[in-house]
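So the structure is just underneath, and the comments pick up after that.
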Amino acid sequence: MTSTKTDTYINFCDDITNQQRPPHRFFHESTDSSLYIEPIATRNFFRKWNQLSRLQRTLVLGLLILLAIFCFVYGLSSAISNEHNWTGNAINSSLLLKLKQSAPSSKLKKEVLLFETDFNQRPIFTGPANAKQYAVVQSFKHAWKGYKEHAWGHDNLKPVSGTSFDWFSLGLTIVDGLDTAFIMGLTEEFEEGREWIKNELEFTKNKDVNFFEVTIRVLGALLTNYHFSGDDMFLEKAKDLGERLMAAFASPSGIPYSDVNLGARTAHVPEWSHHSSTSEISTVQLEFRELSRASDNPAFEDAAAAVSEKLHQLPKKHGLVPIFINPNTGQFVPHATITLGARGDSYYEYLLKQWIQTGRTMNYLRDDYLTAIEGVREFLARRSVPNKRLFIGELTTGSETMNTQAFYPKMDHLTCFLPGTLALGHANGLPDWHLEMAEELIHTCYLTYAAHPTFMAPEITHFNIGSSSTEDMFTKLADAHSLLRPEFVESLYVMYQLTGNTTYQDWGWQVYMGIEKYARVPRGYTSLTNVKTEKPSPKDMMESFFISETLKYLYLLFSDDRYMIDLSKYVFNSEAHPLPIHNN
């Protein structure tokens, strides 16, 4: 830790005891005999009533009628409000997960409410409410300050050398991280980022960009900032970008090309391959659908939804898909690796999230997701030796000429998105064993952090499945680097909101402490070369997803109100940008 002030925040935070919000309860009136009026009282009442003048009796009756109308209206609105709170909150409390107990979770169930976002009632964010959140805000401000001083307007900060790096030349760190500033209540940072987007962000350069990355980072961020701030400037920028990105769909099959020249409005396959990544072409639908809804232009949603429909029709291995697809033929590449890691992960994530985004009305997406998770359980889920840790491996051939695929016991850190996705599916009515798998898998992900002195996870973890193994997992030196990825803390946040279990907050705090101790440098935060050593060397790169996702999910995870962004009202895209759930 480089700051005495930050040490004070963290020491204070260690003494915090998080409190559960109490469940809402119903109260029912019962008959009370003490309220019975004797006949003599009735006679006295009518005697006094008859003594009143006609005007007095008319005024009294009028007041009684007005009072009755008011009570009826107030009672009706209260009943509706109580019903909503009961369904949205008390049922959540019934999902309380106790990791240290052996009681099975198969009995737990939750249904989330479908909600058509009222854009006139946008969420209000008032800043950190406790010391842990305050510490994360200070981390964001430290990262933003370093970026502003040394890389403003460029895509990424290189915090060790104090220089910048450009990938797409779109100011990725500003655009990607701006809604995090808004959620944290950082008005100054939000306004300076907004001004840069308004005056400097242009999509006219004759430069190739990655279709998927720009969609989730830039288009998704612009849409979220539009919904949260109500500023039409963000929507206008989003429409301009969306129209240029549409060039990607101009392949013979409609499967998007991977690279788009925004200025020329052309697209093509990458230089290194004739194929597109399956995860990339299937992880743009949330953003394009929301752009259609916000702009009242169905063309964006139609193009992206057609890709999902095309993928639905293709043959698969029990719902599992190869990681490459040919945009010219529209067919999967035969015998390509099957994984929930790189190039495969978010295909499965967006099957579920599209179904939720559209009010759980596009059932082929739900069915494809259910079939895929069954396939994961049968073909990719294994247990390590000797402690039977659940992990998700890969099916790989090593060559496109091979006819069979072998199981490879390695799991990317990217795969740690899955526990949160499984829990979200369960919250929307999917089978109980999805939550059980989520509980086990998130514990394995936690152990990939706890196994190292830095308390940081490597990019890839390998698992032992042989009978003579003494350790369940190990990390190869080539895989030992950390990019400060968000997938584990994303799952912690989702599972904390849906279960209320504060163990997930405790795990998140350990992750945060590791980041502060080993990744913080004077100009920001840096990725690391080797999490296996207590003195890891910096890689001199601060990815935009560190402030867009990792810090955002940590801030939300530590909130006293775990419904700060309610997962029954918003769905997070793959870059942690919340988009509204619709009812159709």
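Even glycines carry a Cβ here, placed using N, Cα and C.
Annotated features in TrEMBL:
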type	residues	note
TRANSMEM	58-77	transmembrane segment
ACT_SITE	Glu213	active site, proton donor
ACT_SITE	Asp345	active site
DISULFID	Cys416-Cys445	disulfide bond
ACT_SITE	Glu459	active site, proton donor
ACT_SITE	Glu487	active site
BINDING	Ser574	Ca(2+) binding site
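On the structure: features taken from TrEMBL.
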| residue | record | Cβ neighbours (10 Å) |
| --- | --- | --- |
| Glu213 | active site, proton donor | 19 |
| Asp345 | active site | 24 |
| Cys416 | disulfide bond | 30 |
| Cys445 | disulfide bond | 24 |
| Glu459 | active site, proton donor | 20 |
| Glu487 | active site | 24 |
| Ser574 | Ca(2+) binding site | 25 |
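Take the Cα of Glu213 (active site, proton donor) and measure to each of the recorded positions Asp345, Cys416, Cys445, Glu459, Ser574: the nearest one is Ser574.
On a Cα basis, Glu487 (active site) lies 10 Å away from Ser574 (Ca(2+) binding site). Take the Cα of Cys416 (disulfide bond) and measure to each of the active-site residues Asp345, Glu459, Glu487: the nearest one is Glu487. Across the structure, Glu487 (active site) and Cys445 (disulfide bond) are spaced 10 Å apart at their Cα atoms. Calculated from their C-alpha atoms, the gap between Cys445 (disulfide bond) and Glu459 (active site, proton donor) amounts to 12 Å. You'll find the Cα of Glu459 (active site, proton donor) roughly 14 Å from the Cα of Asp345 (active site).
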